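Down below is the structure, laid out as structure tokens.
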Amino acid sequence: MYLGELAPKNLRGALGVVPQVFITIGILVAQIFGLRSLLANKEGWPILLGLTGIPAALQLLFLPFFPESPRYLLIQKKDEVAARNALKRLRGWDDVGSEMEEIWQEDEAEKAAGFISVLKLFSMRSLRWQVISIIILMGGQQLSGVNAIYYYADQIYLSAGVNDHDVQYVTVGTGAVNVLMTVCAVFVVELLGRRVLLLLGFSVCFTACCVLTAALALQDTISWMPYVSITCIISYVIGHALGPSPIPALLITEIFLQSSRPSAFMVGGSIHWLSNFTVGLIFPFIQVGLGPYSFIIFAVICLLTTVYIFQVVPETKAKTFMEINQIFTKMNKVSEVHPEKEELKDFPVSASGTNSSRGAC
């Protein structure tokens, strides 16, 4: 959320994906340090556990030197001077008038709403499709089976003839592919757009789950099927890293305005971890009950999420927060003016209130 508020619109997608890059790098580093020949042993595990304190300590050291979000300073704190200074520091130049104008427009649009709590978020018609979209996307991200794939991967590698001792190295290789494809997403998200990456990613995951189901069902009768299973796992990781992993959190930043964004992140984060918990809890039972057909469930979820994205989710590439808000205003079939201030629609905002307030400041 912080990065999304700091970023200029032409780099918002790339910067929004960068956190996922470092998440995947963290997973890869953990996989490497977690090799039995390094720290995953009786003597090394306390060191492995203690290493997680290093990034936390670095954040404590460096975060106090970071600028506050200009949008927060202007819209929440009403401090135009601090917001302008923060923007100058972030951009590296003094001409930030156009971005200040865009933040002022968001401030004018948000005046009637005030702070929007989680409960209010669900009750507002003007935010209906935004809320539904983050629930579908964050749920689909986890319920599409990414953690189940990682859970099942070792067994698939073993069935393909990979030595038990070497499985850990193959897992590290899968983590490296995850990092590589997430880095690729940083460079293509502003070129292809968020919607295309989501559609492409979920489609690849759907296809991989279907083929993986067939491969697992036939692996005892056809000798080369385990290698198809390995290909499916790698393909799934590639597809998920391109879209489903990095894009949903980025979209939460983009489709909500300042007053509702924190609550939207709380909803999105809750859905994310509840879905994660659900898959981790019930997948072993699904695996026992359905065996090789377990991944059909994830294939159906990937397909339904793809259909929803195609039908509902708009492209947000290179658009300001206000332009994105106007798209959803039409989808929600509400007035562009907040219902509590319907009378404001007769007054030209940019010509009167905005300019006079800025002149006074």
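The backbone N, Cα and C atoms fix where each Cβ goes, and this holds for glycine too.
Owing to the predicted nature of the structure, the values given are computational and were not obtained by experimental measurement.
Look at TrEMBL and you will find 1-317 tagged as domain 'Major facilitator superfamily (MFS) profile'. If you look up TrEMBL, you'll see 12-33, 45-66, 129-152, 167-189, 196-218, 224-243, 264-286, 292-313 marked as transmembrane segment.
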Intrachain residues whose Cβ lies under 8 Å of the transmembrane segment (264-286), provided they are six or more past its termini: 1, 118, 121, 130-131, 134-135, 137-139, 141-143, 145, 147-148, 151, 248-249, 252, 255-256, 294, 297
Other parts of the chain folded back onto the transmembrane segment (292-313), taken as Cβ under 8 Å at six or more residues beyond its ends: 129, 132-133, 136-137, 140, 143-145, 148, 152, 194-195, 198-199, 202-203, 205-206, 209-210, 212-213, 216-217, 219, 244, 251, 283, 286, 331
Contact between the transmembrane segment (167-189) and the transmembrane segment (12-33) (at least 3 Cβ pairs under 8 Å, separation 6+): yes
Stretch with greatest number of CB pairs under 8 Å, the transmembrane segment (196-218) reference, 12-33, 45-66, 129-152 candidates: 129-152
